[in-house]
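Reading through the C-alpha cells given below for one structure.
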Amino acid sequence: MTTIVSVRRNGHVVIAGDGQATLGNTVMKGNVKKVRRLYNDKVIAGFAGGTADAFTLFELFERKLEMHQGHLIKAAVELAKDWRTDRMLRKLEALLAVADETASLIITGNGDVVQPENDLIAIGSGGPYAQAAARALLENTELSAREIAEKALDIAGDICIYTNHFHTIEELSYKA
C-alpha cells in the first residue's frame, strides 16, 4: 500500500508520502508521487490505495474545491457523499489526506470526513508506524512539521514492506 503522513506545526502544514507502488507482493515502481497540490496550490493532498483510483479522486476533489471556492471542509463532505452514494465511485479503494491553512482531514469511501486530534494524519499500511513516530516527535522535540513528517516516513519505511524511502513532500505556510 503506502504511507502518507501530515503534520501541522508553527504555521506550517506538510503532507508527505513514500513512492512505492506494488502489484500484489511485487514492487512495480519506486517513485510514484502520491502527494500533490490542488486548487491553485492552496490545498495539498495525498493518497493511500489504488493509484488509478486515487487520481480519479484527486480530479473529483479538485472539482469540488472549485465548486465551493476552495472551502476545504465543504468540498471534502461533498466528495465523501458522492463517493459513498455513487455506484461507480463506491468501488474506488483509496484514502485521501487533505489540508489547507485551516484544517487537515481524512476522507474515506465510507462517507467519513475526519479531522483528527492534533492535526496529525497517518494513513496507509505504514500509517500506524508513522503516526506513532510523528506523535512522539511532536510531543518531545521542537522539530519543524517538515522534519517530523520526513522522520516519520523514514521510520515507517524501515518497518513497513509496502513503504519505501522515496519521499514526496508538499508544504503550506500560514499565519499561526
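One-based numbering along the chain as shown.
Here the Cβ of each residue, glycine as well, is placed from N, Cα and C on the backbone.
Swiss-Prot has this to say about the protein:
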- THR2: active site (ACT_SITE)
- GLY157, CYS160, THR163: Na(+) binding site (BINDING)
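Contacts of the residue listed as 'active site' defined by a Cβ separation under 8 A and a same-chain sequence distance of 6+ are given as GLY17, ASP18, GLN20, LYS34, PHE47, ALA48, GLY49, GLY124, SER125, GLY126, TYR162, THR163, in order along the sequence. Listed in chain order, the residues near the Na(+) site other than GLY157, CYS160, THR163 are THR3, ASP18, GLN20, SER125, GLY126, TYR129, LEU153, ALA156, ASP158, ILE159, ILE161, TYR162, ASN164, HIS165, each with its Cβ within 8 Å of the site Cβ centroid. Under the three-state DSSP scheme, the residue listed as 'active site' falls in the coil class. The C-beta environment of CYS160 (Na(+) binding site), restricted to residues of the same chain at least 6 apart in sequence and closer than 8 Å, consists of THR3, SER125, GLY126, TYR129. Within the same chain, residues at least six positions away from GLY157 (Na(+) binding site) with a Cβ under 8 Å of its Cβ are THR3, ASP18, GLY126, THR163, ASN164, HIS165.
According to DSSP, GLY157 (Na(+) binding site) sits within a helical segment.
Cβ contacts within 10 Å of THR163 (Na(+) binding site), excluding its own Cβ and spanning all protein chains shown: 28.
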